[in-house]
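The following features are taken from Swiss-Prot:
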DISULFID  CYS11-CYS71  disulfide bond
DISULFID  CYS27-CYS117  disulfide bond
BINDING   TYR28, GLY30, GLY32, ASP49  Ca(2+) binding site
DISULFID  CYS29-CYS45  disulfide bond
DISULFID  CYS44-CYS98  disulfide bond
ACT_SITE  HIS48  active site
DISULFID  CYS51-CYS91  disulfide bond
DISULFID  CYS60-CYS84  disulfide bond
DISULFID  CYS78-CYS89  disulfide bond
ACT_SITE  ASP92  active site
Amino acid sequence: NLIQFKSIIECANRGSRRWLDYADYGCYCGWGGSGTPVDELDRCCKVHDECYGEAVKQGCFPKLTVYSWKCTENVPICDSRSKCKDFVCACDAAAAKCFAKAPYNKDNYNIDTKTRCQ
């Protein structure tokens, strides 16, 4: 679920960036999403959105699904025993790892999505 996603992000990025820094970044990080991602980090969010979309197609509710996971040496590890829980956790873990690797450009935070996300 979204609260766990916050924790997974903090696990993967070793506390180097607050999860809120990703909440309104580029065209896809945060609610909704459209257009062309502005950079690598925004592409991570687009892929995460698409992963959640696939979870919904499989009958899951990704924003509400509570799953089991642990943080081992800054690596989120999923540990659920059901299809939906594992799928959603994998979406979140992959996104968090992607966030940790991607450069953060503060100029892409809180952008004007109406003009930049066509």
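Any Cβ shown, glycine's included, is placed from N, Cα and C.
Feature map: Swiss-Prot annotations on the structure.
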| residue | record | Cβ contacts under 8 Å, 6 or more apart |
| --- | --- | --- |
| CYS29 | disulfide bond | TYR22, ALA23, LEU41, ASP42, CYS44, CYS45 |
| GLY32 | Ca(2+) binding site | none |
| HIS48 | active site | TYR28, CYS91, ASP92, ALA94, ALA95, CYS98 |
| ASP49 | Ca(2+) binding site | TYR28, GLY33 |
| CYS51 | disulfide bond | PRO62, ALA90, CYS91, ALA94, ALA95 |
| CYS60 | disulfide bond | LYS83, CYS84, PHE87, VAL88 |
| CYS78 | disulfide bond | TYR67, SER68, TRP69, LYS85, ASP86, CYS89, ALA90, ALA93 |
Same-chain residues six or more away whose CB lies under 8 A from the CB of CYS71 (disulfide bond)?
SER7, ILE8, CYS11, ILE77
Nearest-integer angstrom distance between the alpha carbons (Cα) of CYS117 (disulfide bond) and GLY30 (Ca(2+) binding site):
13
Would you mind listing, in sequence order, the residues at least six apart from CYS27 (disulfide bond) in the same chain with a Cβ closer than 8 Å to its Cβ?
GLY33, SER34, GLY35, THR36, PRO37, VAL38, ASP42, LYS46, ILE111, THR113, ARG116, CYS117
Counting every protein chain present, what is the number of Cβ atoms, excluding its own, within 10 Å of the Cβ of CYS89 (disulfide bond)?
25
Under DSSP, is CYS84 (disulfide bond) part of a helix or a strand, or is it coil?
helix
If you count Cβ atoms within 10 Å of the Cβ of CYS98 (disulfide bond), leaving out that atom itself, what do you get?
17
Disulfide-bonded residues listed as CYS44, CYS45, CYS91, least Cβ neighbours within 10 Å:
CYS45
Within 10 Å of its Cβ, which one of these disulfide-bonded residues (CYS11, CYS84, CYS117) has the largest number of other Cβ atoms?
CYS11
Identify all same-chain residues not among TYR28, GLY30, GLY32, ASP49 whose C-beta atom falls within 8 angstroms of the centroid of the Ca(2+) site's C-beta atoms; report them in sequence order.
CYS27, CYS29, TRP31, GLY33, CYS45, LYS46
Taking the Cβ of GLY30 (Ca(2+) binding site) as the reference point, list residues of the same chain whose Cβ is under 8 angstroms away and which are at least six residues distant in sequence.
TYR22, ALA23, ASP24, CYS45
Determine, from DSSP, whether CYS71 (disulfide bond) sits in helix, strand or coil.
strand
